[in-house]
Structures are given as structure tokens and as C-alpha cells.
């Protein structure tokens, strides 16, 4: 390595080195404000006191807190720049081997500071709002939301005394002050962890280890006790560590990838310049069409490629989450979660599929008192209601069986049908017997598909299961799935009000019982979680054929594009498998960090400025802060117009940590829950406009995530080793094309709406420009169907007419063509290298991009332009039980099949015609023919899966396909006769040669 290559940082455990450039000169600590970590690229962040985090006080080299802790724990423990040993921070930094023992007092007392007064504004608003909204209402109209009694503690809540401000005493809300540090206040005499001992005992033990206290003469057998306390201290140190870590992709994989992207961009610019400056005069129309298509493809590639400039991976630490928030013998401090499941049609979405999803939710590895499952039946089907009742009865036996033997997955249909060794790691002698009994119970449940209490067969509590069917009346807009999800948000806020929500489709079951814990490693992280609006998991599917003919797995999007977005501002919301922060759905902005101090200039040259005096009020948070609180409180009084006419729901929006007041009766809350899902509740409110799932598009998921990112929130992409959720995909060709049509039409609707990413969200400036490019690409990709259709038609037209759209290529120009194709190939290979996607999956994605582009995307653009109201049906989740992939060969006629079929026939006829014409005209026509055949075969190869879908099973070609093929072949045969290229054209005499004056 060269001497001027830069600084090198890394760890032998990770087997990776990071070269750091441009830091030869030490930077003062004051110049680090706003910088990023030079190891992982994340923000340096702030300390709990609001100051900039500084890892090294010698040179001020910018390193974030997680990298500082990681380097101290597993690295060289030295600053990468000045090579000075990292000193231990007094707050939240565990001891490691080699730390100086100069302090005679440990710093554990700093870990339990609770931030006082930060939620005073919300508490005042809650009290005043209830006072306003309760005027004129009788006791039977609304439940008593706030009373003088202290409500029962909810998640992460501690009993604190009332605060006195002047002569006025404020009521304690049901949601108390937000904790900055991860641990609750330990009461006197209680240890923080099992075996950690009392505070004074731990202090004496620590001082004894440092030699500051002599041995206790009365305690001669204290070695096991000391070891137990040391073990508890190590557990505490481990719990202090970050709950997750951003893992940058190795530079050896990423840097060549970026270099090829830049090289391809340069080559593309020279290629387009050459194509524009060298027109083909004898085929000017075809040449101009090809130029427009190529420019559009170049722009589309840029929009798709550059948001993948910063791909990252993440890892979570579930053991640290458990150590931090779950202490043995005490209630769990994990946040509560409301799980939403939506279904519409029991014929298209069989109740057994929904039941398996619900059972996997009820059996997931999470405290049962923190889980509530809400099932939205938007079809109001009695069959769905009865099946859910039977599901609740079967859950009494299924849930304890899963938790006793650690079953994965916990959806019974998938567990019993999986071809795995179910005896692996199951050493209990009673497991086989209980498994057989449970399988018989499940078979009976499938046949009957009971009304008991909320306890399982062993007497333990079960998670809550709530059936919801909102009111629907003629003349009201119901907004389909988005309206149903907003109804679930309001119902859950009134009944349970968990601070986080997980939404799943009825066919997406929990495949990893610890999936919610994975999400909590990000959302409950005291440093990262405050600005995270949601954690998105990738979608994985069952029941797809081995070769994935129609790219149903969509791994290129989930394993490449989403990783790239996670390195910018976060992945887009894809409709299912997402854990939300409730406050983000309420339209709140993310919490802001401490403001940076303004630049202060001196009176000397070259500053040419004057020193500005800082006001005491703004600096100390005195009168200015009180004025801001009053202004914010006045705006809070308009919540009734924003959230709707429900005091119970409005009050729940002010409770950051969730929970419901215990003084409210169940009957009153149920009455209020029915009120918030009535048809007219959303009238003259901001629901669907700024709150909840956003209306105005079929793809409400993209629009909802886009609004959150515009407010400044960031999202997280979580990819655990075991897939978190699995669902079913429409493997039939027609259903798959209709699904892609629905997505494309939703994107076109967003593009032409007021939320178009090209115009919306510039005012606040919270959306990063690479993230905006990604959203622009998400909304304009259907328009690529027009140039794609034209480009797929050009080869056939050139073969039929004998024209060639490429000019005579020189040796110098041919180098650009070769370089362009090599750069395209290298970009794909290097992208697969850092993402782990197989080349077969990438090729299937490329094939279906062409198939969907010339069919579903084209129809989406036409339908939105013509304003045709299309009623989409729910994709069928039922498969043929007699054949594993019986649905794959099923053929359902739809107009979406016409354009790809036409392209196939045109190019096949063109190939035959071009070869025949070359044979007829001699060797001089073979050179241009190879170029035409290359592009024509490119089209045919990309449409090959579509052709297999048309053919179905062997010897079972549908009649309608034969009719269309004969019809289109006849049309192009007549066109071929009209062109008649085989007949030698009659030419008159050459006047210049014979000299005859005609």
C-alpha cells in the first residue's frame, strides 16, 4: 500500500479494512458539527446532553457512537487518525480490558436519568382539550378520558409525582415522560439485573475489585456471590450496546461497481452524441424513433441506477433488546404492537388462509399482553366472522404448542406441509405425540372452519383478537383498502393504542416468530429510533415454481433497489410486512435535534462582520420557550378538526407511549370504537389527506411512505436471515399481468396528482435528492412502455422493409458500441456480486420487465389518459390442491395478452422475411441482416416466458390463442405481399451513361 493512500481503520473480526482519505491534518472539535462518521458513513450524532458526540478528544476524528463502542469492544481500541487509545465515556460506555481505573466512583447512576418536562406541552394540551370537548356532553356520551386518578402504567411507564409550575398543578397524563436512557429507574433495594445486587453492594464490590476497599473479614465465602455480581455487571454492559448496526458493503465490491456506473454514463453520452449526429437519411422516421427511445432508456436507467449508490446491510442484536427491556421477574418493557390484517372477499381470499395468518400472529414470540390482532373484513362476510371465531378457539391449543417446542413457522398449514425434519432439535420425548395430536386437531379445524375466554388450554393469557367491519353506505367514498386501514388505526387507538403497528395482507403469515423483535431493535433504539417512521421487511413467497417463470419473487427489487434506498433515507413502503410508528401516521414531524449555534463573526479582517449578541431567552429556554409552548398549545386545540369528532381518539393521539386510561369502561370504549368507523367520520377532516393511509391512488402504500419521507422521517430496511413474512403470489400469467397493471396504474395516478414527486415536497427540503429520484422513477416507469413497444417493433419493421436504422459504423465508432455493451454487462455482474442475487433471478426480472412493459404498463398509461374507471378484482389466493403448480398452467384470456402476442408474431415473421430476402439478394445483404436479426432475437428471447404461458401444458394450447395467431399472421402476410421484396424492381435506363435525352 502506498504511503499516501490514507488512513486505514477496521477490525480483524470483520476481516475488512477501510481506507480514509483527506484527514491528514487534525480537525478541531468545534469544526465537527454536522459531520458524518468516517467509518460507516452515518451521522456522528449527539450526546444525551445535546452536545456533539466526540470519540477522541485528542484530534476530534469524527466517529459515531456505535462505531466507537464497536472499536473499543472488538477492534484495536485506538483512534484511526492519531492512534490515541480511546478513553471510556462516563455515560453508557461499558468497561473493556485495559481501561484506566482512575475513578473511584462508577458511572451507573447516570444511566437512569429520565428527561423531565419535555412532554409538558402535550400534557397541557390533553387536559385543556378534554375540558373543551367535554362541554355539553353527558356522561353517557363519552367515556371519562382524563381524571384525577393516576392511570395504570402502560409500556415504558413509571410512577412519577405531579409537577408544580408556579401556583398551578398539572395532571399527570397516562403517557409519561419519554426516557432517554434504556433502563427504568430502579427502586431502592432492587438490583437492575438478576444477580446484580443492591446499589451499595455493587459499589462495594467494584471498589473491592479496584483495591479501594479491604476484604470483608466476616465474608469468607463470597467468591460465588462476587462472580454472580460480576456476571450481572457484564450483562448490564452488554445491554448498553446499540440494538442494531449499519454494515457497509465491502469497498472491494462497491467501488468497482461505482466506477463502472460512471464509465457507462460517459460511454452512453458519447454513444448518444454519435447517434444524433449521424442520421440515416433513407430511413429518417425509423432513425428518429430509435433516437427518442434510446434517450428515454438512458434517462430511465439514470433514475433507476443512482438511488443504488449507497447500498447497506444491517444487523440486529435481539439478545441486547431482551437484556435492556425484559428483566426476569418483572413486566416486560417492550412497546405494545397492534397487528392489522385486511381481507375483503372470502371466495378469493379463503378463510383458511386468513386463519393461518392470524394464528401465526397470536403465536409469535412477543409478550402476549403487548400484542393485539385486528382483522378488517371489508366485505362484512358472515363466513369470515365465523371462521375467525373458530380460529380463536383453535388458538387455545396451537399457541402453547408453538411456544413450548419453539415451532417455526407458526402458521399450521405451512408447518405441517413443510418437507423438513421436524424432529431436528426437538429432544422432548412427548413432542412426537403432541405433534400428532395437534395435526389431528388442525385437520378437524380445517373441516369445521366455540367461544371461550382469552386464555389457552394451559390457562395462560392469549393476545387480543378483534374483528372489525366498518360501516358502508351508498353515497359515501370508502377508499377501498386505504379506508379500511385508516378505520383500523382509529379503532385500535381507542381500544389498545399501541405506539407501533404491523400491517399484513391476509395471505402473509409470520414466518419468523421474532420478526417484531427485529423491528423493535430499530424503533426502540434510543439513538436511531426517534426518527424512524417504519421498518419495512422484504416480501417472500411460497408456492412459486422453481424457475420463477414470471419473476414473482421480485428479488431484484427487494434485494438490490431496497438495499440502495436504505443507505439514503430509507426504503419505500410496499403495502405489507411493515411496522409503523403510530405518530408518524398521524402526520407528526420527526423530533428535531438541538439547533446548531449560529455563526458568530469577529470584527477583524477578513470576516468583515460584527459580533451578534445572543438573546438570553432563546439560549436558556426561558420566556421564549414558554411563548413557543403556548403557540403550540393553541394549534393543538384544532385537533378536533384534524382527527375528527371523538374525544377518546383525539386524546390517544397525545399519548406518545400508548395505552388507554383505565377509568374508561369497556362498554364506553366499544361505543366509541363503533363511532370512529362510521361512514361520515372522516368528513371535513384530514384523514387520507395528511393522516393515515393517503387516498388518491390504487397504490396507497407508495403515497403513504412518500408523505412520511417528505416530512423528514426515515425508514429502515430489515432483512433477517430467516424471512420475517411469507405470502402467496399469483403465479398464473393473466393474474400476474393484472397485478402489475394495478401497480402501474397507481404509479401513473400519483404522477398526475398533486403528490407527484417531481413537484411535491420541495418546501420543507426534507426529502433527499437521491430519494426523490427513486420516487420519480417509481411513478414514471409505466411511461417507458411507449418507447419499449416502439423499440421492440423496430427490428421487425426493418426486416420487412429492408431498412437499417444504424449508419455506416467506422472502426472508431464501433469501439463505443463495444464499450457500451461491456459496461452494461459489467454493471449487472457487479450488482449481482454485492447483492447476492443469482443471475437466473436477474434474467427473469429482465424478461418480465419487457413482458409487463409492452402489456400492463402500456394499458395503465392508456387507461389513465382516457380516464377509464377500472374495477380491479382481488387476486385469487386459492391454488389447485391436486397439482402443486396447477395454477401456473391455467389460462385466462385478457386483453393484456394482445400486445406481446402481436410482437412475437411480427418478429417471427420478420426473421423469416429477412432471411429469405438475404438469400434472394446475395451476399451483400448479409452484413446488415445480422444487426437486424440480433435485435429481433433480443425481443423474442425476452418474450419467451410469455410464449410458454400462452402454450400452457403440452398439447393443450388454448383455442383463442390459435385464432389470434392466425388472424395476426394473415394481416402481416397481406402486408408482406404489398411490400413484395422478392420481385425485382424494373428500372429505366441511366441517362448519364447512355447520353439519351429523355
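Any Cβ shown, glycine's included, is placed from N, Cα and C.
Looking up the ranges 959-977, 978-996 in TrEMBL, the one annotated as transmembrane segment turns out to be 959-977. Between the listed ranges 178-196, 197-215, 216-234, 254-272, TrEMBL ties the annotation transmembrane segment to 254-272. Assigned with DSSP, the residues of the domain 'RING-type' (37-83) fall into helix, strand and coil as follows: 10 helix, 4 strand, 33 coil. The UDP-alpha-D-glucose site in the record is lined by 342, 348, 349, 378, 480, and its two most distant CA atoms lie 16 Å apart. Proximity to residue 505 (Mn(2+) binding site), defined by a C-alpha to C-alpha distance within 10 angstroms, is shown by the following recorded positions from 342, 348, 378, 480, 701: 342. The most densely surrounded of the binding-site residues 348, 480, 481, judged by C-beta neighbours within 10 angstroms, is 481. Confidence annotation: the domain 'RING-type' (37-83) carries a mean pLDDT of 80 in the model. Inclusion criterion for the binding-site residues 342, 348, 349: a C-alpha placed within 10 angstroms of the C-alpha of residue 481 (Mn(2+) binding site); this criterion is met by 342. A straight line from the CA of residue 348 (UDP-alpha-D-glucose binding site) to the CA of residue 701 (active site) spans 22 Å.
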